[in-house]
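A short write-up of the structure that comes next.
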There are 2 protein chains.
Amino acid sequence: MGGSSNRIDDFSGVIDLESVVPRRVSPPPARGFFQALRQSLREVFFPDDPLYQFRGQTSFRKLVLALQYLFPIFQWGSQYSFSLLKSDVISGLTIASLAIPQGISYAKLANLPPIIGLYSSFVPPLVYAALGSSRDLAVGPVSIASLVMGSMLREAVSPEEPALHLQLAFTATLFAGVFQAFLGLMRLGFVLDFLSKPALIGFMGGSAIVVSLQQLKGLLGISHFTTKMGLLPVMESVLEHKPEWHWPTIAMSFSFLGFLFAARHIGLRWPKLFWVSAAAPLASVVLSTLLVYLFEAQKRGVQTIGHLQGGMNPSSVSKLLLHGQYLALAVKTGLVTGFLSLTEGIAVGRTFASLKNYQIDGNKEMMAIGLMNMAGSCTSCYVGRELQRRLENGGVEYSDGGAVLGTMLFLLPLFRCTPNAVLSAIIVAAVVGLVDARAAARLWRVDKLDFLACLSAFLGVLFFSVQTGLAVAVGISVSRILMHVTRPNTAELGSIPGTQSFQNLVHCGETRRVPSCLILGIESPILFANSTYLQERIMRWVREEEERVSTTKDYSTKCVILDLGAVTAIDSSGIEALTELKEALEKRSLLLLLANPLGAVTEKLYRSDAVELLWKNSLFLTLADAIAVAVSGHWPPTRG
Amino acid sequence: MGGSSNRIDDFSGVIDLESVVPRRVSPPPARGFFQALRQSLREVFFPDDPLYQFRGQTSFRKLVLALQYLFPIFQWGSQYSFSLLKSDVISGLTIASLAIPQGISYAKLANLPPIIGLYSSFVPPLVYAALGSSRDLAVGPVSIASLVMGSMLREAVSPEEPALHLQLAFTATLFAGVFQAFLGLMRLGFVLDFLSKPALIGFMGGSAIVVSLQQLKGLLGISHFTTKMGLLPVMESVLEHKPEWHWPTIAMSFSFLGFLFAARHIGLRWPKLFWVSAAAPLASVVLSTLLVYLFEAQKRGVQTIGHLQGGMNPSSVSKLLLHGQYLALAVKTGLVTGFLSLTEGIAVGRTFASLKNYQIDGNKEMMAIGLMNMAGSCTSCYVGRELQRRLENGGVEYSDGGAVLGTMLFLLPLFRCTPNAVLSAIIVAAVVGLVDARAAARLWRVDKLDFLACLSAFLGVLFFSVQTGLAVAVGISVSRILMHVTRPNTAELGSIPGTQSFQNLVHCGETRRVPSCLILGIESPILFANSTYLQERIMRWVREEEERVSTTKDYSTKCVILDLGAVTAIDSSGIEALTELKEALEKRSLLLLLANPLGAVTEKLYRSDAVELLWKNSLFLTLADAIAVAVSGHWPPTRG
């Protein structure tokens with residue numbers, strides 16, 4: 001062909017084709033069906049290869065490792081020393097001083113008797129200490145799960161039936177535990193990833209405000225309060241009951257709120273003074289109880305907790321409702337609260353692990369939390385999760401448990417005079433840190449869609465319900481992934497002169513168009529959800545290229561080359577779409593060549609019939625190979 | 001650095017770094033927020049650029065184009081000729097001979113009076129003729145939507161209330177139309193893509209079998225029949241009522257079934273004899289009616305349609321139930337049947353369009369179908385969709401409508417003696433083609449996951465219900481996409497000696513490992529759903545590489561390079577994960593460099609704070625650039 005050498009000259013300034021010996025793509029090494037299945041199952045369920053320590057060890061060592069794997073207590077138990085015990089006692093007392101008032105407050109949030117909160121701060125930590133692998137977490141009830149449990153149960157059961165409410169709470173805890181342990185055992189921990197962090201930020205912020213709004217009852221000393229959770233009904237109810245506002249209570253509320261916020265600020269500002277913010281809640285409780293007792297403020301209308309039954313966790317096995325009309329409600333509540341308590345717990349654990357450079361097996365952790373909740377549901381506890389422990393030393397939760405036990409056995413009668421207002425103030429001070437406006441602002445700057453997910457979750461919780469917010473958050477997170485696949489980006493590529501590299505023609509100023517070739521980068525897998533779109537979009541690129549050529553009198557287009565470098569997968573619809581595209585382009589006398597396929601795509605193309613018929617001669621290792629073949633007249637190659 | 005030149009020598013056989021002048025990535029041209037928003041909205045909603053014809057036209061021409069766009073009748077109306085009319089009349093009569101018996105049969109499938117099926121074959125085609133853009137489709141009721149509507153309504157309304165049933169069918173049709181038109185108007189047609197083709201194959205196959213099973217009542221002449229749809233209850237009911245089997249009916253059923261299958265086979269085998277299979281249903285009806293009439297078979301227990309009220313479509317506006325307890329049911333039924341009738345209709349339309357090389361605007365098509373159903377719901381019709389028209393000439397549906405109208409006005413009384421058995425046989429012959437075992441086998445060969453989706457949808461329809469099957473099909477399709485993103489592929493890359501190209505080390509035999517560099521290809525967007533996974537997976541690659549190095553005494557690893565060529569997007573969680581990864585690797589004295597980013601990723605990295613602090617000096621245009629910098633000791637570059 002006389003024209004072909006002439007044509008190559010036109011490319012000299014654009015792309016260096018001299019040294020190119022066009023290479024086709026050879027099929028990847030064949031794998032059997034079961035081998036492929038085994039490999040992909042391993043990647044899905046055991047990506048972190050959790051058993052790698054076991055490889056090449058003796059049987060005895062394997063047994064020791066297995067015991068340590070299942071019960072981490074064996075790992076640190078042998079290294080435990082007196083000095084560790086001492087620091088553990090100190091850290092345990094500090095944690096307990098947080099756990100006792102928070103336990104009582106959160107139980108109120110879940111519409112449960114305050115003692116349940118204390119029970120829940122006692123048994124679960126002991127279970128977790130033996131099973132859990134994170135050394136930096138404390139365990140106990142938590143605000144959002146408490147709120148959700150309370151609101152979900154209250155929707156179906158009137159507050160006049162406290163016994164039924166309690167039974168349902170234990171049953172829901174059991175199902176939360178079963179669900180968590182099941183997820184862990186089946187290594188399905190990745191479902192938690194579908195609640196994206198931006199959505200979580202919005203969700204937590206909204207929940208914190210909803211929780212705080214509920215505290216207006218205690219803070220203002222109102223006796224009649226709405227059972228609804230949304231911003232509007234609560235504000236309406238608060239303003240409607242303005243005559244009930246009890247000014248002495250309000251004065252006390254806000255002074256203690258001020259004290260707690262000041263302590264929190266000190267703890268954040270000077271990390272060494274963390275104990276100030278940790279001790280503030282208990283100090284508030286003690287101080288306010290003393291004040292009420294001394295001034296007999298109860299008689300002046302300040303609401304207090306009232307009589308509390310002391311003692312250790314009684315068994316609650318007989319209270320589990322495993323049949324009957326409320327079973328479905330208990331299961332649903334268990335699933336939602338179990339999911340919620342995991343989501344945040346695992347995230348916090350991972351952050352600590354990455355800070356201190358040790359690895360957390362999320363799935364194992366879930367099993368530990370699940371077993372903890374299952375044990376809890378039989379010992380009068382409700383859904384708990386890991387709580388962040390901000391102290392520097394690791395260790396056991398036992399001393400924490402000891403302090404809580406002491407409280408339950410001996411100090412409970414003293415809480416009789418503790419004012420509700422202070423408990424509310426403690427909750428508000430505890431949850432306000434969850435409203436993270438700075439993180440939301442950062443999202444707006446980096447990624448508008450992330451910000452949208454965050455905002456929707458926030459507003460969903462605030463104006464509708466916590467469950468709605470959760471559903472919105474998961475929905476937006478998931479549809480973002482779907483949208484990304486359904487409407488993938490396509491870009492026209494040009495070569496960087498003097499190299500064999502190609503870049504986006506619009507983004508990269510150095511690039512030059514390759515004459516008579518339309519090079520398109522497809523930036524997504526080609527799946528059923530986008531195969532039609534991609535077909536139409538590529539035809540539009542071709543139409544626009546033809547318009548450009550006829551306007552600028554450029555070389556007429558001979559060839560469309562798809563860069564598959566970012567096509568991470570292809571399914572049967574995708575192969576069909578490419579085949580249809582090839583036929584449609586051939587009707588316009590255009591070649592369709594494919595270049596730069598990844599392994600998985602090559603494998604799939606070779607396995608279908610299509611490659612034999614259509615693609616064998618059109619699939620190239622790199623873009624330069626495809627261009628060299630397309631412009632030098634080597635195409636179509638002779639058979640033989 | 002004395003060692004650096006020595007080091008480069010080691011690379012001579014592996015990668016050609018001599019000519020590399022390391023290039024960093026410059027940020028893409030800045031776009032404002034609203035410009036970016038506008039561009040991405042356009043890509044999402046107007047990917048096919050439907051208004052491109054309008055650009056640069058005069059106002060008058062724009063008006064004409066707009067009219068033709070909204071009412072395609074103006075486009076072909078002006079070119080209509082006598083010869084086109086003639087061929088249209090012939091094709092219309094052929095279609096009508098299919099539409100009349102199928103219309104009656106499908107109405108029975110939906111538990112509606114047979115006349116509704118005829119009404120539905122008359123008005124909708126007229127509306128579609130004016131609005132629809134596909135010239136190769138006929139319009140009428142369809143088996144699966146009929147079945148689903150019948151079964152969904154029967155779940156809530158007992159068959160003893162035919163009037164209510166009819167009202168609900170019209171109301172559901174209205175909502176189906178509203179839903180379809182809404183999707184089209186909002187240009188949300190892509191939601192249909194979430195029902196993948198493999199899932200659709202399984203769903204259609206299962207539905208066809210369920211529809212055929214329902215016909216056993218007619219075919220066997222049973223009078224008591226279950227109202228359930230699943231395979232097991234139907235077979236149980238059929239065997240239980242064996243004493244009711246009516247052998248004369250069975251004999252007639254199977255002879256006509258044989259005739260219809262033979263005609264179908266002829267039509268498929270010799271496309272020129274298509275009219276044989278098209279005329280067979282009407283011929284069966286006429287023949288069987290004559291037989292029953294002549295031999296007075298009714299008196300011998302052969303069930304017939306019975307008396308039919310003739311006449312034109314009455315208005316059914318007053319029958320629409322727009323409030324009350326059944327509204328939710330009607331809306332739900334409308335959504336499901338509307339979605340179903342669109343899914344297949346659009347797919348068929350697109351296949352025709354790509355065969356004949358014209359383009360179909362799916363969203364416009366949906367508006368046409370939606371308006372058609374809305375008009376239908378007011379004129380005693382129920383949900384219809386486009387039906388495939390296998391004839392070669394294009395044209396109007398009017399002559400089809402004419403034949404149906406004639407039937408309704410004059411011929412209906414004659415159907416009195418038509419045996420139910422023959423109607424059942426017509427349905428079975430019509431739906432059996434939907435069971436596509438060959439396509440399923442192809443799926444198994446190409447893509448096991450596609451096959452799994454197909455099989456699950458099939459079994460879901462067969463053993464549970466049509467809605468379950470639909471949910472399973474959509475669920476599997478969507479979770480496949482999610483799974484692909486959640487567990488992305490990562491691969492170790494090596495260079496192809498003598499080039500600057502890189503390929504999978506395992507798949508491509510020619511590749512060689514680059515000394516002291518671990519090059520990883522990340523084959524997916526880095527989003528919240530996989531950022532934790534990728535972090536852990538990359539750390540595992542690093543651990544395994546260190547093990548390999550210590551076993552083989554290879555050059556120790558200095559540098560981890562991530563090839564972002566297939567990373568099509570990154571969100572805030574992804575950036576955070578990369579940053580954490582960089583810190584974790586630095587603790588192990590390893591560099592982390594990024595290469596080959598796509599435009600969208602570069603843009604996002606530059607917009608976050610991270611790039612300033614961490615990435616500016618670690619982001620390279622190609623892998624070769626990154627390697628050259630990493631091994632030549634230029635890193636970290638001096639500030640200036």
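Using the three backbone atoms N, Cα and C, a Cβ is placed for every residue, glycine included.
As the structure is a computational prediction, the values presented were derived from the model and not from experiment.
For the domain 'STAS' (B:507-630), the DSSP counts in helix, strand and coil order read 64 helix, 22 strand, 38 coil. As annotated by TrEMBL, domain 'STAS' applies to B:507-630.
The annotation transmembrane segment is assigned in TrEMBL to B:168-188 (among others).
Summarising the annotation, TrEMBL assigns transmembrane segment to B:200-225 (among others).
Annotation comment: TrEMBL describes B:245-262 (among others) as transmembrane segment.
Counting residues 6+ beyond its ends, the transmembrane segment (B:274-295) has Cβ neighbours under 8 Å at 94-95, 97-98, 100-102, 252, 256, 259-260, 263-264, 266-268, 302, 304, 390-391, 414-415, 417-419, 421-423, 425-426, 429-430 in the same chain. Sequence annotations record features per position, and here TrEMBL assigns transmembrane segment to B:274-295 (among others).
Within its own chain, the transmembrane segment (B:421-439) is flanked in space by residues 101-102, 104-106, 108-109, 143, 201, 204-205, 207-209, 211-212, 215-219, 221, 249, 252-253, 256-257, 260-261, 264, 280-281, 284-285, 288, 302-303, 305, which lie at least six positions past its ends and keep a Cβ under 8 Å from the stretch. The transmembrane segment annotation in TrEMBL covers B:421-439 (among others).
A Cβ distance under 8 Å defines the sequence-distant neighbours of the transmembrane segment (B:451-478), meaning residues of its chain 6+ beyond its ends; these are 144, 147-148, 151-152, 194-196, 198-203, 205-207, 209-210, 229-232, 336, 340, 440, 443-444. TrEMBL lists B:451-478 (among others) with the feature transmembrane segment.
Panel annotation: around the transmembrane segment (B:245-262), residues 218-222, 280-281, 284, 288, 291, 297, 300-303, 419, 421-422, 424-426, 428-429, 432 of the same chain, lying at least six beyond its termini, place a Cβ under 8 Å from a Cβ of the stretch. Averaged across the domain 'STAS' (B:507-630), the predicted model reaches a pLDDT of 84.
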